[in-house]
Ligand SMILES: Cc1cc2nc3c(=O)[nH]c(=O)nc-3n(C[C@H](O)[C@H](O)[C@H](O)COP(=O)(O)OP(=O)(O)OC[C@H]3O[C@@H](n4cnc5c(N)ncnc54)[C@H](O)[C@@H]3O)c2cc1C
Ligand SMILES: Cc1cc2nc3c(=O)[nH]c(=O)nc-3n(C[C@H](O)[C@H](O)[C@H](O)COP(=O)(O)OP(=O)(O)OC[C@H]3O[C@@H](n4cnc5c(N)ncnc54)[C@H](O)[C@@H]3O)c2cc1C
């Protein structure tokens, strides 16, 4: 056991930090720091900079633009990105689809798509969920029928995050309705969003944001060449992808940044007799969350170190399930702390100069008006990417033998 | 003790429930929400016809002479339907200030107008620095001949943008956080020097930032009672909002239970999963605990011992807040993605409950104060 970062790792952290400082546009940094999501242009621009530096997809094999780094080194990079805060590389491209293509794609697919995924020349979205298939993903109905060298896709996807920005979508479709097991008739397809027959309809979430969409497929023609892996074996790709999706959600670096920022804000926020930060109850609640976050940080490092060592064995680490459950709980808890700090002025809805029907400015500080919106929005954290309940079912079954 | 409703109370509950069923479907509510005022004048008129707006006022003043239990009954229904009208602002808060702080002349001038739905009120109290402290008032009122000149700024005045009359707290003497020296004034919203900036609150309702720039009012504009009056009316509002929260929680629970029975995943209703069953049962525990506190609030609203009343209202606010948060969060969690959307009622309950939690002091504010005051069960 060596329970400290090495000198090399510490030096690397410094290198990353100063590179980000030198390269992150001020506008992007400000928007991120205010607690908003980056615009599409900001995301693309930033990811291209990371790509040019070789840092967009360090976890991929070197031949596809990855780095021969330890998991700890990759952790340091992503933590620095999150805690600046800067936009993280687009998860759909880099953490979900990329690894699937590397594991299951044809040579042509790899050559064509991987560089574009890493550089964000193509923006992908994830078309898994359907109205009737949420937690029970394998019950999906969206169908693809073979016709010559094409599939014809018909059906609906929902909750498709950022489909309004996406150039392409990766889809799970049913290619064999008669398979003995639901999981056996599913295929994994890549679809150009410009193909005729695709309609994207916004879903507005309770915080007023347009983040998710419904996507409809009406006789959409998809070349056979866009099938990933084997027909009817798409579930293998899906399972592989979902396990990557889940470990990516602890976001400890982002939570640390949110806490540090909250401390600064709360110091400046009057709370009657004294600043909010000097309210003992607020402080102890905040500290309690910090302690739990510290534990989660250690758990993350354990999982990463283990991943490094046991790559060949590929045995799942029980602690990795803790990351999604506790990571999202802590993000939600931090969002509640912001609501508390905002107090009565947090009742004002956010003023977003880019949105139509904007709220009138100046009624409260920007962060105050965002506090409740973020709290509402982050209720999603324990629902998507495998709900907390589903994670616990997995733990009970896979690790506890229940 | 008797926790059952009387015949008249049941009638009141039923007639309001029927009105809201007709006028306040979720789709209708959406239309009200999007309108200029953010609520419905038509529904407001219907409230007047039903006698709701004159409810808590003495019969001599032109009201119905109802008490806190009736307010509780009405607010619970309002919570169920997620109504948007300025009932708390006008009837509970505005009405409370008139009942406890106004002269008979003031009341006879204003109460009939409220009862008929012709006068809207709002309570302009919170300031940027005050957070939840009712005694933290920087806005000033200076004597000016027979009248007063008011100067200052108030924030998140709920329904402040549509109100006709504002109840404004202002410092007459002493330091910003002194308990003494706080005056309460009736200020017409169109008085010279009043500037209002309306905006949406996080639950979609309306509020305003209001500045008072050398606003002149006459001597008769002052209400009597100072901070004690403010605390008393705030406590009545806590009771009303508590009952509204119960309505929200109950409707959210019902919606969730229905969903657990109908939504199928893995080939069976999700309500057949024990982890969700237990959570649904916990929602019920929360609801019943909160309901008890809403009743305590109704009981305590007329308590003459200020200390006793405040202490209990703090307990009400804490306990309802805690339980409301759980019920609101679970409503979303157990629905999955669907309750994250604007189109579905589920998430709107969490939003309203969150706003209620943050009105007149959040859980931490009252916990700190109550523990300072020796807790609920005071040791000798
Ligand atoms: C904001 C947001 C963004 C999303 N983005 C995407 C995206 O980009 N692409 C995509 O494909 N999908 C996306 N999703 C969909 C997400 O993955 C699903 O919402 C999720 O899988 C849950 O499905 P559901 O909403 O249908 O809920 P349901 O599956 O209906 O679940 C309802 C409730 O029942 C519980 N439950 C279900 N089964 C069990 C069980 N066996 N045991 C115990 N409890 C159970 C759930 O945990 C939940 O609490 C997104 C969702 C949201 C909210
Ligand atoms: C101090 C003490 C005094 C007692 N006094 C008396 C007495 O005077 N007379 C008497 O007759 N008995 C008495 N009992 C017995 C008591 O009623 C039992 O302990 C109780 O019924 C639980 O049974 P068990 O201990 O066999 O636990 P089990 O029934 O084996 O339960 C073990 C765990 O499984 C859970 N569980 C069981 N079934 C389910 C289910 N369907 N769903 C979810 N969870 C489930 C339980 O809640 C518990 O957490 C006493 C017990 C104690 C500890």
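Placement of Cβ uses the backbone N, Cα and C atoms for every residue, glycine included.
Mean pLDDT for the domain 'Acyl-CoA dehydrogenase/oxidase N-terminal' (A:6-119) in the predicted structure: 95. The domain 'Acyl-CoA dehydrogenase/oxidase N-terminal' annotation in TrEMBL covers A:6-119.
What TrEMBL records for A:125-220 is domain 'Acyl-CoA oxidase/dehydrogenase middle'. Each residue in the domain 'Acyl-CoA oxidase/dehydrogenase middle' (A:125-220) gets a DSSP state, and the totals come to 7 helix, 51 strand, 38 coil.
Sequence annotations record features per position, and here TrEMBL assigns domain 'Acyl-CoA dehydrogenase/oxidase C-terminal' to A:232-399.
The DSSP breakdown of the domain 'Acyl-CoA dehydrogenase/oxidase N-terminal' (A:6-119) into helical (H, G, I), extended (E, B) and coil residues amounts to 82 helix, 0 strand, 32 coil.
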